[in-house]
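Participant: Sharing a structure here in structure tokens format.
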Amino acid sequence: MGTVTRISSEVYTSDSEKGFAVNHSTPSELDAGAKFVLVAQGSWLHCGYHLTTSIVAPVLLTLPFAFTLLGWVGGVLWLTLAAVTTFYSYNLLSVVLEYHAQLGHRQFRFRDMARDILGPGWAKYYVGPLQFAICFGTVIGGPLVGGKSLKFIYHLYNPEGSMKLYQFIIICGVITLILAQLPSFHSLRHVNMISLILSVLYATCVTVGSIYIGHSKNAPPRHYSVRGSDADRLFGVFNGISIIATAYASGIIPEIQATLAPPVTGKMLKGLCICYSVIATTYFSVAISGYWAFGNKSGASVLANFIGETKPLLPKWFFLMTNIFILLQVMAMTAVYLQPTNEIFEATFGDPKKGQFSIRNIVPRVVLRSLAVAAATVLAAMLPFFPDIMALFGAFGCIPLDFILPMVFYNMTFKPSKYTITFWVNTFIAVVSSVLVVIGGIASIRQIVLDAKTYNLFADM
């Protein structure tokens, strides 16, 4: 998966001062993936839209549940630390990318960075496959989440309806199929602007709904103690850490920066500021209001708590509006995470010497993208318990890509002195994150084992 179409005229030289190889290929030598999918025409504002859509997603509805595993202090502390760490981490990636661009070799993909800094083997056998698993896993999860929202709306107005979850997943798969045909990442800029607005809207709905229920006469009894045995609480802590870490995950920062028109210096930082202003607005409001309203009974999705034990705690129009916002936003997010897959197809089967919209490139583009979306839709319908699997991917994929590799890339590129705080901060984050990968992975596997008895293919969950 991690292979890149290579041109024989590429020349690699060694930067002996910094200790890494630099590819001095010219723009005319770009493969079709970089040339057609990762079109460098965007502004820092567009970058902010892409970043927000890639990070802020319906996973934020799980944050109150993460608080049930961590408690008030642990939840707020880790939510804040994860925000600070990922902002710092993504900015480090941006700085490394800008440095390479200034050397005359702009890196367009995560695997490009791994190839130049760690070596070709790391790009081909570790970073490339890992990123593909995370991105395609998200593409599978998109129609699944969207399908569940559609099913909820359907049963809200037609409780005795006979349609099954897989049918709603197929509907969302068709929407994804249409969005998949947009030719480049840059083509999504207006879609992602709307996505940003939608994420703020449904986070506001959830926050207002939680506060309303918490103050109403139907407010459920609230307790904030962490439940379970000592073992359950211990594994729960690491599960909560993994959930919040996944909520901040992106995994496609280099691909997003690749959409920026040169010169790129400073633009990514502005885009990150837009993204994290939305994160500060949405994540903390949903997590705190949801946990305050429902305590340690907060469900895997806080919207489940809005139903109540006997009747909905909010009017139907509220559920309709919120689920429509979620449905539309998750479709945009799915289109964003399709881009690395689209880029691989384009790099492998496209011809950079032909026009982007030539028959030679359009036919394989439409066929391969359609097949990829169809495969993802079938898997989503077949595996409605896929979120449990994604938690495992989050531990083994999101944390390395977003918490560990940026620190390694920076330290290997700039070689900060061991006497500087930068070196030790980066090293500390990388080491602690590596420990969390192992423990979070074990906790995720344990959860899969506990839930395995409820798994059924094509289940109507």
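Positions of Cβ are set from backbone N, Cα and C atoms, glycine also.
According to TrEMBL, the protein has these features:
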| type | residues | note |
| --- | --- | --- |
| DOMAIN | 41-444 | domain 'Amino acid transporter transmembrane' |
| TRANSMEM | 51-70 | transmembrane segment |
| TRANSMEM | 76-101 | transmembrane segment |
| TRANSMEM | 122-145 | transmembrane segment |
| TRANSMEM | 165-182 | transmembrane segment |
| TRANSMEM | 194-214 | transmembrane segment |
| TRANSMEM | 234-253 | transmembrane segment |
| TRANSMEM | 274-294 | transmembrane segment |
| TRANSMEM | 314-338 | transmembrane segment |
| TRANSMEM | 366-386 | transmembrane segment |
| TRANSMEM | 392-411 | transmembrane segment |
| TRANSMEM | 423-445 | transmembrane segment |
Participant: Check the transmembrane segment (392-411) against the transmembrane segment (165-182) for contact, please; criterion is three or more CB pairs under 8 Å, pairs 6 or more apart in sequence.
Facilitator: no
Participant: Are there residues at least six beyond either end of the transmembrane segment (314-338) with Cβ under 8 Å to its Cβ atoms? List them, or say none.
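Facilitator: Here the qualifying positions are 50, 53-54, 57-58, 135-136, 138-139, 141-143, 145-146, 149-150, 152-153, 156-157, 172, 175-176, 179-180, 182, 185, 188, 191-192, 194-195, 198-199, 201-202, 205-206, 209, 212-213, 252, 303, 306, 369, 372-373.
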Participant: How about the transmembrane segment (51-70) and the transmembrane segment (274-294): at least 3 CB pairs under 8 Å, pairs 6 or more apart in sequence, or not?
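Facilitator: Yes, the stretches contact each other.
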Participant: Is the transmembrane segment (234-253) close to the transmembrane segment (122-145), in the sense of at least 3 CB pairs under 8 angstroms with a sequence gap of 6 or more?
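Facilitator: These two segments touch.
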Participant: For the transmembrane segment (234-253), which partner among 76-101, 274-294, 366-386, 423-445 gives the most CB pairs under 8 Å?
Facilitator: 423-445
Participant: Taking contact to mean 3 or more CB pairs closer than 8 A (sequence separation of 6 or more), are the transmembrane segment (366-386) and the transmembrane segment (76-101) in contact?
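Facilitator: Checked: the transmembrane segment (366-386) vs the transmembrane segment (76-101), no contact.
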Participant: Cβ pairs under 8 Å with the transmembrane segment (274-294): which stretch of 76-101, 165-182, 194-214, 423-445 has the most?
Facilitator: 194-214
